[in-house]
Amino acid sequence: MTELEKSSRAPRPSTIRTHFSQSEDLNATDNHTSTSASPYKYDIPQNKRSIKLNWKWPDQLLWIPANWSWAKIRLALRCAIAAWVSSVLFIIPTVQVWIGQASFLLLIAAFLSPPVDPFLAVLEREMLISLFVAATWAFACLAMFLANLARTNLDTSVSVQTALFSNGKYVEAAPSAILAVFIFLGTAILLYIRVHQGPGPYLFATLFSCICLITNLTTAVLVPYPYYLLGRSIFIPLVFHSLISILSSIVLFPESLSNNFTKRVAAVFAPLEKATFIHLTLLRTTPGGDSVGEFKEHINALAGVVVSSEAALGPLAQAARLLPSEVIYSRYSPRDWRPLQDLARRVAVRANGMSIYFSLIDPTRERFPVTPATTRPGTPAGTTPSTPVERHSEPPHHHHLSNLLHRAHLHHNSRHHHRASSSYGHRHTSHAPVGVFESQRYLDLEANVWHDPRTESHTVQTHNLLQESCIPLLEQCQFATGCLQSWFAGAASRDGTSWRLAQALLSSALLNTAAKIERREKAKQFQWEERVSEIRNVREKLRGELDRFRKMTRMNVVKPYTDALEPTDSPTSMEETSNWSYEYNQLPSHRYLFNCYVYQYHLMRFADMLGELLDHVIRLETQPERRHRRIWTPKKLHNLAGITVFLEWIKGVWLDSDNVGRSASSGAEGEEGEEEDPDRVQHVDRDRRRDVDLDDLSGETRVGIGIGGRGDEKEEDNMFGMGLPYPKRRDPDALPPSNVWELMGRWVYKRVVGLTTGNALYAVKTGVLTTLMCIPFFVRGSAQFAYDNRFLWGIIMAQLTSARFRGDTTFGFLTRILSTFLGGGVGLCMWYICAPTQGHQATPYALAGIFAVCFPFFFYIRLYIPGPPMRILIFFVTTVLVIGYSYQDQFQAMPSSPGVGWSVAWRRFLLVACGVFAAFIFSFFPPAFTLRRYQRTALATTCAELGVIYCAVLSLPHTSGSDLRKGKTNDDPGKQTLGHSEETHAIVARLIAIRGKLGRLKTGKVNVKYEISLRGKWPEERYHTLFDLQMQISYSLSHLLSVIEHLEPAWTRALLSRTRFIDPNFQGDVLAVINMISTSLRTGSPLPQVTPCPLVDRFMLKYHGLNVIHKEAEEDYGLPRTLTRETLENEQYLMFCVGVSTAFGIVSRLDRLMVAAKEIVGEQYHIQGLGFGGFGGFGAGTAPGTARGESVPLGSRTSTRM
C-alpha cells in the first residue's frame, strides 16, 4: 500500500455539519470567479448543496461545473432579472421615446455594470457613475457656452432635427476649436482618473463619462446654439439603470457585505484544509529512494494549494473596505469581522512557512545557478540550501572542483579567442555566461563545506522523527481548519440573509402558531449549544495538543543530539536510539535539526493563529448581545446627513488601495490594463494613515499606524514610526529652499514634473488621439458624414483600447475585433429570430421573450468565464447594441439611424475595427510605453522596497518602545516580546503590498508577447526567476519578522550577532547588493563582474554549529556558551535556530537575485586574469584549498569582531 493510500485512509477533519451543512453557501465560499475545476486530488469530501453535472467536460469548459452552484447561479439570476427589467423599459415604445435617443444604453449598462455585489458596493459604484456622468454633462455645457461666445452664425430658431440634417451648414472653425480643446482636456482628465485608480469603482464611471463627453461635444458642433439638453439622453438611461441595479441588490437574493466577507474568509481556509491533509501525506512519505517522484508531486500540489489560499486574500480585502459603513440587521456587527482580515493574512503566511521545510529536503531541488561553463555534471541548477551547514571533516573533492575550474578557465580563454576571431567570421549571437565568479565560490562551498555523503540517510531519519512529533498537532490543525471553514461558510445561512429573514417573518406571522414558534426557538437553542460545544471541543483539543507539542513531542527531533551529549546505559533507551546513535564528534550537521525546527516553529505559529480564530468565533457565539439579531449602524451615523461624511466617502473611494489592479466586482476580476505606476508600490500611502478602531468584542483600542511614522510626525522626520532619523533623498541639482520664493518655485516644479509621469503622459497622448479622431466632426465637409455613420463608435472604442503599454493595446486590438465580430453575429441571430418577416419589424413580446431566455446564460458567462473581462464585455455590448439600434429604429426617427439588423452589425464592426486600429497605430508614437520596460522598472522598485523592509525588520528590536531597547525579558516563551506593535503592522502591510504588486506583475506579463519588437524575444524565463526570488525574499522577511517578534531580548541580540546583521561591514555589502540590483534593473546598466556576492561566504565567516555563542566571542548576552540538553529543548533556542535559517535563506536568495539580474542586464568591468591565475586567483595547476582559501580575495570586509 502506498503512502498516499495510507494517508487517504487517515481520519478526515471533523467539520461541524450538524448545523452548518444545510447552508447553501458551503459549496461557494466566495463570489469571485472560479476559472477552473479543482486541480487537486486532495479534495476533502463535504456535504455541499450543489447541482451535479456528472458528464465529462472539455478543459476549456471546466469553469462551468466549477461555478455551477446555487450561490453563484442566483447571482447570475439577479443580474439577468435586472437586465430584463431594463430591457422591458426599453421595449415599451412610450418609455423608450421619453428616455431619449440613447435608450439602448439601458441594455449596455446592464452588462457593463451588473448588480453582482452586495447592496452597499452596488450603491457606491452606481453613485459614482451618476456623479461622474453629471459632472461631465456640466463640463460639456461649459464647453458649449464658451463655444457659443465664439460663434458668428447664432440662430436659435433652427430646430435640433433641422440642424443635425443641415449637412454641416452651421459648423464654424472657432467654436470647433474650443470644443476640441474641451474634448482633449476632458478626455485627459477622465483617462488619468481611470489609469490612476485602476480597474475598480471608477472604471465604468469614467467609461460612461467619456461616452457622454464625446457624444455631447461632437453633436454640439452641428447645432448653431448651445443645446444643453444633449447630455440628458445619456444621463437619464444611466439613472434608470442605477435605480434598477440598486433595487435589484436589495430585493433579488440580497446579500450583506458581512455575509460576503465571511464567505471570502471561508475561501481562505478551504485550501488550508487541503494543505493540512497534504502535509500529513508528505510527512508519511519518505523523501528519498523510490518515493522521490511521489514526494515531489505532493510538494507541487501543496504549493498550488497555498497559492490559492493567498489568492483569496485579494477578494477578502475588497469585501472588508466597506464593512464599517454597513447598516445591517444581524447577530454580528460588521466591525466584528475586521480583525479576521489580519488573522487570515497571518495564517496564509504561516502556511507558506510550513511548506519551506519540504522544499529544503526535496531531493530534486535546484541549487545555485552556475554558468554553463562551470555546471556540475548531473546537478540541476537553481536553489541553494536555505539553512547554514557546518564544515565537515570529509576530504574535499579537490579533483572534481579543479576540473570544473579548469573548464571555466578554458572557456574564459576560448571566449576571448572567439571574440578576436568573430570579426573575420559570422558574429556569435549567444550571450556570454555571467556570474562566473559567484558560481566558482558556490562550487567551492558545495565541495568543501556543504558536502555530506550521508545526506539522504540523515534526512530520512530526521524526517521520521519530525513525523512522530508533528502528526498529532497537524491532525488537530486539520480539525480546526475544517471547523473554521465550515463555520464561516455557514455564517450567512445561520445569521439569515435578508430575503430568508423576510420569508421567515412572513411565515411566522401568517402560518405558524405560538407552539410552533416555541418549538423552533428551542430547536435553535439546542443547535446553538451543540455548535458552541463542538467549537469549544475543537479549541480545547487544539490547545491541549499544542501544549503537549511544546513541552514533549517536539523534543523528538533533538534525540540524536541529546543522546550524544548525555549518553545513557538504559537498555530501552539504547534500543530506541539504535538507529541514530552517534559519537559527539560524528553528529549530523546542524542543518538537519534546523530544518526540523523551521517546520515546528511555523506549525506552532499556525496552530496559535488557528486558536486565536477559534477564540474569536467563540466570543462571537457566546456574547449575550450577539445571541439575537439587532440593527448595527456605523459609529458616525448621526453625521450621515452632513457634507463631511459625503466628502470622506469620496476621499475613501479615491484613496482605496485594495482594488488596485482588480475590479471591485466579484465577477470581473483581473481586468486587463494593469496601468499602475511602476515607480511606486501601491497601498503604501493608505498604510501610512493612522487607523484607530475599537474592537467591540474586547473593548480595546486597536491602533494601526503606517510605515511612514507616527500620526503626529511627518514622514520625512521619522523612519517607520521609530525614533531614528529618516535618510532623506536630496535634489542633486539644487540646495534646499532658503526663502519663500524658492519654496514656491520648488512646489511648482514638482507639480510640473508630475505632469511628465507615465500616467499623465498616457492621458495626454490618448486625449490627443481622441481629439484627432474627432476632426471629421469639426470639418464642414465631413461633419454630416461622420454623424450619419456613427463615427462616435470608433472614437469610443479607440479610447477603450488605448492602454498605457503597447502590449496591452495590441492585445485589445486583436480581442476587440474578434469579440465585435462574434457579438455582431449573435446579435443578428437574435434579431432575425424576433423579426423574421419582410421588413424585419420585431414585436415587443418576441424581444422580451428572447431576452428572458438568453439573459441567464449570458450573465452566467459574463460573470464566470475565465480570461480578460473586457473581451466578453465587448461581445455582449455588441450583441445588445445590434438589437437595441434595430428595435429603436422602429419607434424613433433618429437623425443618424444606422438601420436594422445587418446594416447595424457591419457598421459596428467596421467602425470598431477603425477605432482599435487607430489606437494600435498610435501606440507606436512617442511617448511609447512598453510592458518590457514596465516589468523591469517595477521589479527595480520592488527590489528597492524589499531593501527598505529589510532595514525596518532589523531596526525593529531597537525601536524606542521595544523590550530589547529597554532591556526587558519575557518570562513566557510562548508569547510575543515585541507583539504586533504599530511598527510591526506597518511592516506587514508593506510586505503585503509588495507581494500584491509582484503578483500583478506576474499576471500582467502575459501581454508582453503581443508587443512587436525588432530586437528579439523577451527573456520571459529570466524575469520569471526575478519574480520568484523577490517573492521568496518577501516571505522570508515575514518569517524573520515573526521570529524577532517572539524572541526574548538576549536571544535577539545573539541572533543578530550570529547572522552578522549588526555588523556594519556585512550590512554594507548586503545593502550595496540590493542597491546595485535595483539600479541596474531601473537603468538597464550592466552589473560589475566582481561584486560583494556571494554574501553567503561572508555570512558564514565563523562557524557556530549548534552553539548559540561563538567560542571566541567576548559577549554571551547571558546565554549558555556550551551546548546542553536544556538548550536544545528550549523553545527560545528553537526560534533562534529558525531565525538563523531564515537569515541564511534571505542572504542566499540575494546571491541568486544578483545572478538573475546579471542574466538580464549583463556584466561589465572585466579584469583579465582575475580568478584564473592572476593575483590571488587560482594559478595554473593549483588546487583550491578551503572555502575561501585561494579564490578571489574577499578583502577587509570579511573580518569582523564578534
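Cβ coordinates are placed from backbone N, Cα and C, and glycine is handled just like the others.
Taken from TrEMBL, the feature compositional bias 'Low complexity' applies to 369-388. Sequence annotations record features per position, and here TrEMBL assigns compositional bias 'Acidic residues' to 669-678. Per TrEMBL, the feature compositional bias 'Basic and acidic residues' maps to 963-979. The annotation domain 'Putative ER transporter 6TM N-terminal' is assigned in TrEMBL to 63-558. Taken from TrEMBL, the feature domain 'Integral membrane bound transporter' covers 789-922. Here TrEMBL flags 930-1165 as domain 'DUF2421'. As annotated by TrEMBL, region 'Disordered' applies to 369-399, 661-686, 960-979. Residues or ranges marked as transmembrane segment in TrEMBL: 75-92, 128-150, 170-193, 202-228, 234-254, 813-833, 845-865, 872-888, 908-925.
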Summary of DSSP states over the domain 'Integral membrane bound transporter' (789-922), given as helix, strand and coil counts: 102 helix, 0 strand, 32 coil
Ranked first among 75-92, 128-150, 202-228, 813-833, 872-888 for CB pairs under 8 angstroms with the transmembrane segment (234-254): 75-92
For the transmembrane segment (813-833), distant same-chain residues with Cβ under 8 A (at least six beyond the ends): 797, 800-801, 840, 842, 846, 850, 854, 868, 870-872, 874-883, 886, 900-902, 904-906, 908-909, 912-913, 916-917, 919-920, 1010
Whether the transmembrane segment (202-228) meets the transmembrane segment (128-150): three or more C-beta pairs under 8 angstroms: yes
Local confidence of the domain 'DUF2421' (930-1165) - pLDDT mean: 83
